[in-house]
Structures are given as C-alpha cells and as structure tokens.
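Peer 1: Pulled these from TrEMBL:
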ACT_SITE  114  active site, proton donor
BINDING   18, 19, 20  N(1)-(5-phospho-beta-D-ribosyl)glycinamide binding site
BINDING   70, 95, 96, 97, 98, 112  (6R)-10-formyltetrahydrofolate binding site
DOMAIN    9-186  domain 'Formyl transferase N-terminal'
SIGNAL    1-22  signal peptide
SITE      150  site 'Raises pKa of active site His'
Ligand code: GRF
C-alpha cells in the first residue's frame, strides 16, 4: 500500500525582513518538499516578512512583547503555534531570548539559523567578529534550539569565503545567499529523518550495540546484530529497509511465538508487520519510518529479543547489574 504523502507542519518565527522565512516558504512550494509552512509569527506586527507571508496565503500572527513578562509572551506565541497545528518551529531572525520553558516544550522540534560557523561567534555581530579575527571564511549554521543561546546540536553548516575588501555588510549579504540555500535543505532533511534509512539504522545500531556482548554482522545484505562471541554468536535483531515489496523500514525482533506475532500485527498494523521468511519463525517487524516512534519501546524490544537468544551467563550479568 502506498503511503499517503504527509508534510511536516512548520511555524516560522521572525522579527525582521524575513528573507530566510521567504526562502523556507518558496522551497515549500515545491511539490516534493517534505514540510509546509502553516504559520508565520512575529513579536513585531510591523515585521516586513509578515506582509509577504500574508500575500502568499500563509496564516500570520503577531503579538508585541512590549510591557509583557518574557514567559507570558512566549506563552502567547506558543499558543498560536499550537493552534496552527505546527509540529516544528523554525526561528528565522526571531530576536527574542526564549524562556527555558518554551524551549523545553519544543525540544528536538525547534530549529534556528545563525550567521556564523558555530561554535564560533555565538550572539550578535558575527560578521564583524569573523573579519576582525582575519578568518578566511564566514558562514551560517542551522542548529536545534536548546536553553543555551546558539548552542544546540548543529544540523548543518555552509561556509562562505571572505573576499579582500569585505565589510560586515557585504559579507552579511553574501552569507544570506548561503543561509537561503542551507535552511530549507536542512529543515527538509530534519523533518524527513524518520524516512531516512541511514538515520534509522544509526539509531537502532546505537541501541543494539549498547547491550552487553553484542556485535554487528551483515546477514543476506542487511545489517544484523548478534549477541555472544564472533564465532558462536546469535542474531537478536535485523534491520530491514523496504524488503520484499514492503514500504516498511524497521527492525526485526523475536516474539514469544506465532500467536503473539499474529496478535501484534492484527491489533497494531501501523506499528508491526509480519516480515517475509523471518515471520515464519516468529520474528516481527517493528516499523520505524513513522512519526512518533517511542525509542524506549524500541530499546525494550531489542533487549527482550537479546534476552531470548543471549547465553545465560551474559543475561545473568545484566540482571546482577540491574539490582544495583
Ligand atoms: C539572519 O542572518 C539569521 O542568520 C539571523 O538573523 C538574520 C535574519 O535575517 N538569525 P532575515 O530576516 O531572514 O533576512
């Protein structure tokens, strides 16, 4: 069955001209763009970008912060973002320091673009500082927002050569070109990470290899994970990327038997599937290319599957460790 195309819903917050907002918005007009812009919000009703967004048929929202407590203003913005059904927030020149509470609400789902090659030059006047330092390049970074200013995990960067005679303004203008390429690309990759087999495999691998006495070994062309020695180890998980005509990307783990397997697939068809060949011996597919995967749940399945095949001597060690 073909999957219905679903686009991630993004709210963009701006304070000024909104050229990055425009870049995000026009990228979203491409039919294959994995996100759509559901709201452009601002703390400044006169922000030039709002007018453009409106003219492009995007819902807008503005609420001045003057005279308001920071937390109260964040709460107003948060409410508008939620009312627009946004799943992600893209800050694009939003000149506000955010409260930790607001940041926490959007942990892992709020991105920002910053005009420097982070971790260099957090804060303001980035171009002046790059020039004063005699750097060969300036640039831009897209990062996840954490409570610390311009400090969250970097999702992507683009460098921009500094040219003799550059002023902060000429450099800033050129860095903007880079920003306008970078932001839509990184946002697209980020919202589609659940459909990216490399990203999913890296997550599974980290969880599987965190279990004691495990190693990775390819099986019939697919990544697999084994417990025990290299010589006599047994598989407890396989990574499956759209095998045998299925559109599922996920991990195969061992159930208690055919009854459990059939029940899981019947009752939660979005989450489980019966894989070709392996299904016949009680392995169930746990689908990962879907939104809202609970990675603790994936961890629990991997551990259970690991326990089912691990030598007693190894599981015993784990049980003893768990008692402390
Ligand atoms: C950009 O330089 C961005 O990196 C920074 O604020 C500026 C916003 O510019 N966070 P614009 O409003 O998108 O033109």
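Quick reminder: no glycine exception, Cβ is built from N, Cα and C everywhere.
Give me the local environment of each listed feature.
Peer 2: Mapped onto three states, the DSSP output places residue 114 (active site, proton donor) in strand. Around residue 114 (active site, proton donor), taking its Cβ as the centre, 23 other Cβ atoms fall within 10 Å, counting all chains.
Under a cutoff of 8 A between CB atoms, and with a sequence separation of 6+ in the same chain, the neighbours of residue 20 (N(1)-(5-phospho-beta-D-ribosyl)glycinamide binding site) are 14, 92, 93, 113, 176, 179, 180, 183.
Sequence-distant neighbours of residue 112 ((6R)-10-formyltetrahydrofolate binding site) (same chain, 6+ residues apart, CB-CB distance under 8 A): 90, 91, 94, 142, 143, 144, 145, 150, 152.
Over all protein chains present, the Cβ of residue 150 (site 'Raises pKa of active site His') has 17 other Cβ atoms lying within 10 Å. According to DSSP, residue 150 (site 'Raises pKa of active site His') sits in a coil region rather than a helix or strand.
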Peer 1: If I take the alpha carbons of residue 114 (active site, proton donor) and residue 70 ((6R)-10-formyltetrahydrofolate binding site), what is the distance between them in whole Å?
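Peer 2: Here the two Cα atoms are 22 Å apart.
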Peer 1: By the DSSP assignment reduced to helix, strand and coil, which category contains residue 18 (N(1)-(5-phospho-beta-D-ribosyl)glycinamide binding site)?
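Peer 2: Reduced to three states, the DSSP call for residue 18 (N(1)-(5-phospho-beta-D-ribosyl)glycinamide binding site) is coil.
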Peer 1: With an 8 Å cut-off on Cβ-Cβ distance and a minimum sequence separation of at least 6, pull the same-chain contacts of residue 18 (N(1)-(5-phospho-beta-D-ribosyl)glycinamide binding site), or say none.
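Peer 2: Once residues fewer than 6 apart are set aside, residue 18 (N(1)-(5-phospho-beta-D-ribosyl)glycinamide binding site) is near 40, 47, 48, 49, 50, 52, 53, 92, 93.
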Peer 1: Would you find the one among the binding-site residues 70, 96 whose Cβ has the most company, meaning other Cβ atoms within 10 Å?
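Peer 2: Selected residue: 96.
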Peer 1: So among the binding-site residues 95, 97, 98, who's got the most Cβ atoms within 10 Å?
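Peer 2: Buried the deepest by this measure is 98.
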Peer 1: For residue 19 (N(1)-(5-phospho-beta-D-ribosyl)glycinamide binding site), which of the binding-site residues 70, 95, 97 has the nearest Cα in space?
Peer 2: 95
Peer 1: Across all the protein chains here, work out how many other Cβ atoms are within 10 Å of the Cβ of residue 19 (N(1)-(5-phospho-beta-D-ribosyl)glycinamide binding site).
Peer 2: 18
